[in-house]
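S.K.: Take this structure first; my questions come after.
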């Protein structure tokens, strides 16, 4: 109620409450409405010469003179400016604070607000416990409890399984919950709430009502799913529109894979993201890094003379993905690193998962390898499921669409197309290694049988057998050899000039043989020593016993006549050393070689003719060359 409406002068205030002034002045307790100070406009009382107030009763007599008890003396021009004075200056000598003794007692016994130590909060956060659980434990066992007791209570409570009940009613998650320790008595607790504020234990506030814990409410790890390696810088910068490092994007990405049940999700970010952000690299929601710290791996970084030195975190990402056989979540193609290591290139081609954000929601594609590739479920699993009915490209190897082809190519490993540069490099390497084909082709296509040709034709063997049965036994002369021998002579010339000579050491009528012995005595003795134990029993014609002396009934023509009864090759004939025939064979092979080189590659012709040194038949050599080309292509 206004003081002028009540018809009396304004009061000199010592407190904002009327009841407080009543308790201070015992005179007001007996006459609470009568004592007033006279104002200028309505003189109920007047001031004396020395500034003492005269208290006028209801009948008009002066009750008392002097300052009322509990009130400070005021001058004539020092009325309260709040009521009737136009002066804005308040009373300098008048205290506006409450002098209620009960108020003073309540302020002295107010509860003390104490916060937990930073190391306790950091210790609990790294273990995965929320600040709500830590506040509840410290309110229960006391803020001064030992770390072991705090950990024991946290273990009993368990890890957070879902969203806290009071998370939607809170406002900020930047500071831990204050812990209240009170030593107030029961009398102070029953005092009026208007005299002192009572602070109670409050819960931890969240940055937004939709914020949840770093671990989803339903997390069931699936061992059949691959581990996930997240390029944290790429994800956070894309969520921040490539302007700021948004930690909220990291949390959305982490929750997506944890809800799917991936057993291990690792996020790589540089170490300096934990520090105070600079103006050139802003960070939003930096407190989220503490919430998801269990899944974060900080790559090294340091400051050298005010300059920030950051290690290449992409190498850590690719190396970890190789060790854990994990999927890489990034929109970076790592071209600089795939050129260094072929294994990293294969990882990027086969296990790189791209993504985007749609209204702050992490969203990878359903077909990471293209429209006709595996689905996201098969892509993220350890055992990929291949589509049962893929559409095969009708052009097959002749397809010119390359990577843009929408159909399936079974000849391309893992659906990857070999570029033109890689194909040319591969063909160039094949041409360089073609010099080694000669020896390989020689080993592959040489005759399976021994290089020894037939020593005697069938007709010669038959004639010799008949003559040996008809001849009577005669004592052997001292000039005869102890037994019959067969000798293989090789000329010191090209392989196709090798020939076989059968020599029968017996009586003198074998004139060509004796002449050959006289011409090549040293070679004869050497071959006799080498082949004495090997060749006598090859064909069963000459037995182990020493044969009797034979008269020569085998004609020269019969002995040296060519025969194709077994092998069917005219060059495998029995004959003496003939230099003219060797020259003719070399000429024939040279002519065949010239014509074959006009048809086939020179390397294949050389290798096949070297593997078959006695072959001069052109159709047979052509067949062998074609077979060699087919084997080489396989």
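In case you wondered, yes, glycine gets a Cβ from its N, Cα and C as well.
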S.K.: Can you identify, from 387-412, 413-438, 439-464, the stretch that Swiss-Prot calls zinc finger?
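M.R.: The range carrying the zinc finger annotation in Swiss-Prot is 387-412.
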S.K.: Give the range, chosen from 1-33, 34-66, that Swiss-Prot lists as region 'Disordered'.
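M.R.: Swiss-Prot lists region 'Disordered' for residues 1-33.
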S.K.: Can you tell me how many other Cβ atoms are located within 10 Å of the Cβ belonging to residue 314 (Mg(2+) binding site)?
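M.R.: Taking every protein chain into account, the count is 20.
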S.K.: Please state whether DSSP places residue 314 (Mg(2+) binding site) in a helix, a strand or coil.
M.R.: helix
S.K.: With DSSP helix as H/G/I and strand as E/B, how many residues of the zinc finger (387-412) fall in helix, strand and coil?
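M.R.: So the zinc finger (387-412) is made up of 6 helix, 2 strand, 18 coil.
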